[in-house]
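S.K.: Below is the structure I would like to discuss, written out as structure tokens.
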Amino acid sequence: MTENNSKKAQIGVTGLAVMGANLARNLARNGYTVALHNRSVEKTDALLEAHGSEGDFIRTETLQELVDSLESPRRILVMVKAGQPVDAVIEQLAPLLDKDDIIIDGGNSHFPDTIRRERELAEKGLHFVGVGVSGGEEGALWGPAIMPGGSAKSYESVGPMLEKIAAKAPQDGAPCCAWLSTDGAGHFVKMVHNGIEYADMQVIGEAYDILRSVAGIKPADQAKIFRSWNETELNSYLIEITSQVLEQVDAQTGKPLVDVIVDQAGQKGTGGWTVQAAIDLGTPITGIAESVFARGLSSSNTAAREEAQKELPAGLIATTGVANADEEFVEDVRKALFASKLVAYAQGLDMLQEAADQYGWTYKLDVVASLWRAGCIIRAELLGEIMEAYSGENIPSNMLLAPGFKSLMEDLLPSWRRVVAKATALGIPVPVFSSSLSYYDGLRRDRLPAALIQGQRDYFGAHTYKRIDAEGDYHVMWTEDDRREVNAADVHVH
Ligand SMILES: NC(=O)C1=CN([C@@H]2O[C@H](COP(=O)(O)OP(=O)(O)OC[C@H]3O[C@@H](n4cnc5c(N)ncnc54)[C@H](OP(=O)(O)O)[C@@H]3O)[C@@H](O)[C@H]2O)C=CC1
Ligand SMILES: O=C(CO)[C@H](O)[C@H](O)COP(=O)(O)O
């Protein structure tokens with residue numbers, strides 16, 4: 001902690017829970033003088049007591065003291081609970097600030113809130129930067145992935161600091177932080193990151209369930225399998241931590257920890273926001289959506305789950321093919337997991353492109369992928385290849401159409417189909433494995449039943465359809481005896 005009371009801090013952090021405290025320490029370790037503030041002063045003092053010697057910190061008790069302790073233009077990183085607390089802090093902070101000071105919101109804020117907050121603060125002459133941060137406690141301390149939005153001008157002031165504390169990509173040492181685009185773009189990209197995170201976690205869960213329920217492989221043995229998978233193209237943070245969770249033994253009972261954890265998954269909202277935003281954009285992020293609903297099914301109506309366990313028939317059917325416990329089956333599951341994971345990334349990136357097109361954001365998908373290569377929860381070896389796929393001239397219209405991924409899919413598909421078929425026959429829910437496979441088949445199929453849906457829509461609502469062999473919109477006079485087709489331009493239909 002600095003002894004020099006007149007020394008000004010280069011950045012202030014308010015909100016010193018898990019993320020704020022560790023980001024503050026990361027900033028200090030990187031040579032910045034950091035002013036500390038928390039609503040309740042106990043967290044500030046606890047941080048200083050435990051880590052005050054790590055760098056230059058300035059202790060403050062009030063927001064006025066925090067503001068007074070900062071060099072101009074001020075930079076204040078807000079790391080409080082997302083939602084109303086962010087507005088509460090801004091409301092108290094803004095009147096204390098001067099023109100051109102910068103408020104940085106590093107929490108998981110909803111992007112429409114970020115757009116609104118930036119607009120409102122701009123009217124007061126203040127800059128507001130919405131920044132997605134991923135990496136949890138360890139990432140915040142040692143280098144998170146950072147996804148900044150806001151104006152390019154304010155990035156000139158905060159960017160160098162953020163890049164310094166960000167994770168560095170193992171492939172080229174580049175910081176996992178770059179300005180993405182205006183207003184809510186940073187929080188939007190972080191939200192989609194979390195949507196992919198949900199799908200990635202769910203497909204790992206589905207693989208675990210199949211290996212356990214079909215092949216009878218115990219958690220400790222699965223830990224070894226996941227560890228070996230981490231040496232393959234599945235290499236990622238989530239696979240690595242899965243092996244550690246699976247090998248954990250509960251001290252009280254001696255059982256695998258996973259067997260004593262209640263099987264109801266929580267969620268704080270970012271996955272659901274991703275699905276809502278995708279619906280607004282019209283992007284089919286089916287695997288991500290299923291992963292959100294799978295958490296909901298596990299926890300929202302537990303009474304129905306209990307009753308269904310006793311009452312609902314299983315209707316299982318016999319399966320043939322590869323034996324359950326052999327290496328071939330385990331490899332099938334690995335490939336099904338990898339294929340479903342690829343679809344999650346493809347869907348998330350598709351959604352990001354659509355949002356850029358509709359909302360006027362300028363980020364490029366290779367840059368987004370580059371930021372996710374280290375520090376964040378979805379970091380994976382795969383992201384280097386995704387970055388490559390979107391670099392250069394020939395940007396694929398869907399990630400799965402990039403040459404490398406196309407040939408990979410060819411290898412993964414037979415395993416993926418076998419695993420989905422087997423799990424379905426045996427009554428093991430695989431919502432993301434199966435919906436991702438349906439998405440893949442939906443993309444590649446030459447004719448979809450959407451044609452029939454258009455016919456139905458025209459029947460009950462005169463909504464018209466297009467023909468495969470002519471321009472224009474058409475309608476059948478369904479209620480007339482001759483059911484003749486008319487050009488919609490010639491009659492009053494919509
Ligand atoms: N935890 C994680 O792994 C990750 C979290 N995030 C996001 O980062 C942000 C911070 O997360 P985390 O560190 O977990 O902390 P929490 O989300 O648990 O928030 C706790 C902090 O918010 C403060 N706070 C709550 N309400 C108010 C209020 N009305 N006015 C002022 N301060 C308030 C608390 O102050 P007090 O101590 O006085 O109660 C405390 O400092 C959140 O947006 C979260 O979603 C992002 C990535 C990962
Ligand atoms: O943002 C994060 C990581 O990237 C957080 O860990 C997030 O809170 C996890 O989401 P949820 O609680 O909904 O599982």
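Cβ coordinates are placed from backbone N, Cα and C, and glycine is handled just like the others.
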S.K.: Report the candidate from ASN108, ASN194, ASN230 that shares the NADP(+) site with GLY15, LEU16, ALA17, VAL18, MET19, GLY20, ASN38, ARG39, SER40, VAL80, LYS81, ALA82, as recorded in TrEMBL.
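M.R.: Record check against TrEMBL: NADP(+) site with GLY15, LEU16, ALA17, VAL18, MET19, GLY20, ASN38, ARG39, SER40, VAL80, LYS81, ALA82, extra candidate from ASN108, ASN194, ASN230 is ASN108.
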S.K.: For GLY135 (substrate binding site), identify the closest of the recorded positions ASN38, LYS81, GLU197, judging by Cα separation.
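M.R.: Nearest candidate: GLU197.
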S.K.: Within the set ASN108, TYR198, ARG295, which binding-site residues show a CB-to-ligand 2 distance under 6 A?
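M.R.: The ones that qualify, in sequence order, are ASN108.
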S.K.: For ligand 1, pick out the recorded positions GLY135, GLU197, TYR198, ARG295, HIS463 that have a CB under 6 angstroms away from one of its atoms.
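M.R.: So the answer is none.
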S.K.: Tell me, which binding-site residues from GLY15, SER40, ASN108, ARG295 are within 10 Å of LYS190 (active site, proton donor) if we use the C-alpha atoms?
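M.R.: Hits: ASN108.
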